[in-house]
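Chemist: Following this message is one structure expressed as structure tokens.
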Amino acid sequence: MAKRRLSKRQVDRIRERQSQRLDTSVAAPDGKQLGSEQAGLVIAHHGKQVQVETLDNSDDSPRRLRCHLRATLGSVVTGDRIVFQEDDSSGIIVAIQPRSSTLVRPDSYGKLKPVAANVDQLLITIACAPEPFSGLIDRYLAVAENLHIRPVLLFNKLDLLQSDEIDSAIANKVAKLRTLYTSLGYRCIDTCAKNGDGLDELRNTLQDNTSVFVGQSGVGKSSIIKKLLPDQEIAIGALSDAIDKGRHTTTHSELFHFPFGGDCIDSPGIREFGLWHLSPKEVTYGFIEIRDIAGLCKFRDCSHTHEPSCAVLNAVEDGSLHPERYENFQRIVQSLDDVNMQG
């Protein structure tokens, strides 16, 4: 069989990976020589150091150790599968394995930085308090679709829907949101972290996957995770009565192993990841029902706002495209234009 020729991009990628793994006898910060290369998983990020869990200890349970980062590696985030070398008590990460997915958010300068890697599914958590907004939900869905991460909508705090604490209009809004996203084919799970309702179904969904919980502050993400990880010390913030907004309680990124199988990455940065890195075309792809019909428009560069023979506008008019979804789609596209103008 003839040898397959590699493309220039493949050759460059191979050279880059090889350069990252050269000089395997690199010295530790204290001058000691390091051992052979080992595979590991980044389970926590603490400033300039990360905590790594070994992956290739077939006879022993995984070990955990602090590792320094090579300056030439770039960003290392929780969820990364890496190659490291160790001395007696710590190690140095010498390579990052290719990622299946990367969640990013802008830093204080507007530059995108990764916050989590190799995520399989996004648990979009919704509750009646604080009041949910479909625009935020649709932003999460658009990111998940483009990253090919499976989205699951988690409707939490069901106990409040049966109480007098919640206005009936908000309760109806939550019910309508659930109906809308179910009709689009998204999986919706009803839970109550307080009494444990729905957690068995949630455990089955989390098993054998690496998941991230996202959503507004105060919807109960940390409370749910604590129910699933009763032996872990996870900070929980109460809903603020004064401003009706939950406080961010997680201060660093960390990966937890569920006892029933599967992992969870929790990080304050993940809650803020956005759509700055998506183009209008990718936003269109992120709305599954718009994606399916946008190619039927008369004009290839159709903005789906005013053009004649626009399949998207026709779908809104005949009721096959929900008007709220269309409005959110247009708002997101406009927000990208605003960011580009500011840049």
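Keep in mind that glycine also has a Cβ here, set from the backbone N, Cα and C atoms.
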Chemist: From 1-32, 33-64, 225-256, which range did Swiss-Prot mark with region 'Disordered'?
Modeler: 1-32
Chemist: Beyond Cys297, Cys302, His304, Cys310, what residues of that chain have CB atoms within 8 A of the centre of the Zn(2+) site's CB atoms?
Modeler: Ala294, Lys298, Phe299, Ser303, Thr305, Glu307, Ser309, Ala311, Val312, Leu313
Chemist: Give the maximum pairwise CA distance in Å, whole number, for the residues Asn156, Lys157, Leu158, Asp159, Gly215, Gln216, Ser217, Gly218, Val219, Gly220, Lys221, Ser222, Ser223 listed as binding GTP.
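Modeler: Answer in Å: the longest Cα-Cα distance is 19.
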Chemist: Whole-number Å only: compute the distance from the Cα of Ser217 (GTP binding site) to the Cα of His304 (Zn(2+) binding site).
Modeler: 33
Chemist: For a quick check of understanding: among the binding-site residues Asn156, Ser217, Ser223, which residue's Cβ has the most other Cβ atoms within 10 Å?
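Modeler: The residue with the densest Cβ neighbourhood is Asn156.
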Chemist: Can you tell which of the binding-site residues Cys302, His304, Cys310 lies nearest to Val219 (GTP binding site) in space, using Cα positions?
Modeler: His304
